[in-house]
Amino acid sequence: MNQNPSTGHTYKQWLVVILANFALFVSGAETSWISPMTKILQAPDSPAGEPLSDYAISWIASLMCFAAMLGTPIYAYIADNYGRKVAVMSLLYPQAMSWALKLYPTPVTLTLSRIFGGIPAGGCFNVVPMYVKEISQDSIRGVLGSLLILSQNLGVLFMYIIGAYLDYYTVQWAVLGLPIVASVLMFKAPEAPAYLVKQGKIDEAIETVASLRGLDKSDKTVQDVVDCMKEEEEKSNNTPDISITSILIDKKWRRSIIIIFIVTTLYGFSGAYSITVYAFTLLSYAGTDFEISPEVQSFSFPIVMITASFILAVFGGPPILVGAYIASAISFSVIATCFLIKKNGGSVPGWLPLSMMISCVFYFAGGIASIIFILIPEMFSFQICGKIMGVFVTYIWFIEFLQLLLYAPIIKLFGYDILFYLYATINLVSGVFTLIFIAETMGKTEQEVQNAINSKRLFKK
């Protein structure tokens, strides 16, 4: 990132990308907020005025996912019509409102806070990657793009740490300032050059590219980058618009749509998300016999997620997905068995349920969490990939909403052991399905992938 007269610099790109990723950091904190706060909100001296029931906690936890489902199309519209920079800034304002509402905890305000936190969560994985891609030069785009998941996982870790050591109100104040400061600093950030080209603001696009790269406006590199953006915009304008309805009913894509639908449904109920959301209460119930508290033990989850995301970047692909699902099925089975033994009055080594929960989170972050982001770009052409991705990301938020909403009722009716045996079964089915019906896509053309999919017996006419 050092200045060089001939090659310019990249430090401005790094600064802007880090700033934009504050939205992901805050979103990660929002996602994991319920984990350390459940014990506080259900305590006799609950800041909500009275202890919240398991059903109330389940509802508050799940609402974020429901709101995120609504946020996905909203932010796609904002980014396309008002700009990438405006879209990033509009992520931060409702995030700040979410944490402000948590300072006045009642069932109503906590419900509203999760809605305000969930809507931008649905837009983060659409808006921020788009903005990062369009302001980054090719040589560092991959590295800058990897900050997306890292930022979210750091947000999860941050919430686990402050939730373990600080009181309720201090936690909310600690996070509230982040989106406020980031939104103010975003006023100085540039608009994405590709969007400026789309708006016909060519001179402004040239100035932005030159500034981000530390080059003169007349530099050939700057001119080449903007010319490339102009060509891409012209190509996009000449590409016929394909509606999502026509994609869904087209026989050419039907088998791929069915596969992605099954995969995302199984993914949504895989169970690891419940562990990250309810980590504190699960570890407390498991009765781990360490001197370290369950709150501190839970720090291992985001650390493992961060590690696994780096491993995924190197070894990702369908074979990894199969292994991740099968290993997760085994881990969930062991956890369920530990809970069953505990329910029947027995005991298990304290390290066993903890290590298996860590394994589930590791396999999820290192393989399962990426599944549609790996499969959809390989199965569908660029003309429809974005729309298909939007539909299924929205669907995943809905499935995760159901997973969290049903979590407490299932435990009340059947117990922790039955729930985790169910998660084990879903992961086993997912692994078998991935092994049999999802073709290895790496290194194949779109047509080769389609031919492999259509050759599977389940999808033959």
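Note that Cβ sites are derived from N, Cα and C of the backbone, with glycine treated the same way.
According to TrEMBL, the protein carries these features:
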type: TRANSMEM; residues: 14-35; note: transmembrane segment
type: DOMAIN; residues: 16-442; note: domain 'Major facilitator superfamily (MFS) profile'
type: TRANSMEM; residues: 55-79; note: transmembrane segment
type: TRANSMEM; residues: 144-165; note: transmembrane segment
type: TRANSMEM; residues: 171-189; note: transmembrane segment
type: TRANSMEM; residues: 257-279; note: transmembrane segment
type: TRANSMEM; residues: 299-315; note: transmembrane segment
type: TRANSMEM; residues: 322-342; note: transmembrane segment
type: TRANSMEM; residues: 354-376; note: transmembrane segment
type: TRANSMEM; residues: 388-408; note: transmembrane segment
type: TRANSMEM; residues: 420-439; note: transmembrane segment
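Most Cβ pairs under 8 Å to the transmembrane segment (388-408), among the stretches 14-35, 55-79, 144-165, 257-279, belong to 55-79. On the 0 to 100 pLDDT scale, the domain 'Major facilitator superfamily (MFS) profile' (16-442) averages 84 in this prediction. Note: the stretches the transmembrane segment (257-279) and the transmembrane segment (171-189) are not in contact (fewer than 3 CB pairs below 8 A, sequence gap of 6 or more).
Within the chain carrying the transmembrane segment (322-342), a Cβ under 8 angstroms from the stretch's Cβ atoms is held by residues 270-272, 285-287, 348, 352-353, 356-357, 359-360, 363-364, 366-368, 415-421, 423-425, 427-428, 430-431, 434-435, all 6 or more beyond its ends.
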